[in-house]
Amino acid sequence: MPKQIEIFTDGSCLGNPGAGGIGAVLRYKQHEKTLSKGYFQTTNNRMELRAVIEALNTLKEPCLITLYSDSQYMKNGITKWIFNWKKNNWKASSGKPVKNQDLWIALDESIQRHKINWQWVKGHAGHRENEICDELAKKGAENPTLEDMGYIEE
């Protein structure tokens with residue numbers, strides 16, 4: 001029986017574009033692990049995606065996951081839009097290349113071995129774990145140490 005994991009994620013960006021950070025809380029039974037990383041130049045949407053990717057990549061085996069995020073962009077992208085993007089060679093309905101394609105591909109790869117129940121939570125609404133993730137993401141953005149490879153200035 002696969003492990004049942006809860007994951008909470010958030011991304012933050014100071015300036016958008018600007019320095020950004022990710023925050024995540026992973027919970028298995030009574031155990032919790034937190035992630036916080038900061039990137040020099042990025043966007044809020046890239047940080048929302050990267051938070052989920054980083055959290056999923058810490059798991060060592062296939063799991064049953066309930067994943068909570070306050071990002072409609074991430075949730076809609078991975079549960080609705082990605083199917084047509086892949087069919088259309090990573091082009092949006094406008095015919096233009098999908099933004100953040102590198103991270104969508106990475107996210108698509110990182111979900112394949114898991115069964116995920118995607119949940120949207122309202123941000124800044126007193127949801128304990130979302131608030132923790134928000135703080136972790138802000139902390140990362142305030143102390144960036146990493147390059148967001150794939151970020152393209154517009």
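Placed from the backbone N, Cα and C atoms, the Cβ positions cover glycine too.
Binding of Mg(2+) 1 is attributed by Swiss-Prot to ASP10, ASP70, and the same site annotation extends, among GLU32, GLU48, GLU109, to GLU48. Across the domain 'RNase H type-1' (1-142), DSSP helix (H, G, I), strand (E, B) and coil residues number 56 helix, 50 strand, 36 coil. Cα of GLU48 (Mg(2+) 1 binding site) to Cα of ASP134 (Mg(2+) 2 binding site): a span of 11 Å. Annotation for ASP134 (Mg(2+) 2 binding site): same-chain Cβ neighbours under 8 Å, separated by at least 6 residues, are ASP10, SER12, GLY23, GLY123, HIS124. Within 8 A of the CB centroid of the Mg(2+) 1 site residues ASP10, GLU48, ASP70, the other residues of that chain are THR9, GLY11, SER12, MET47, ALA51, SER69, SER71, MET74, GLY123, ASN130, CYS133, ASP134, ALA137.
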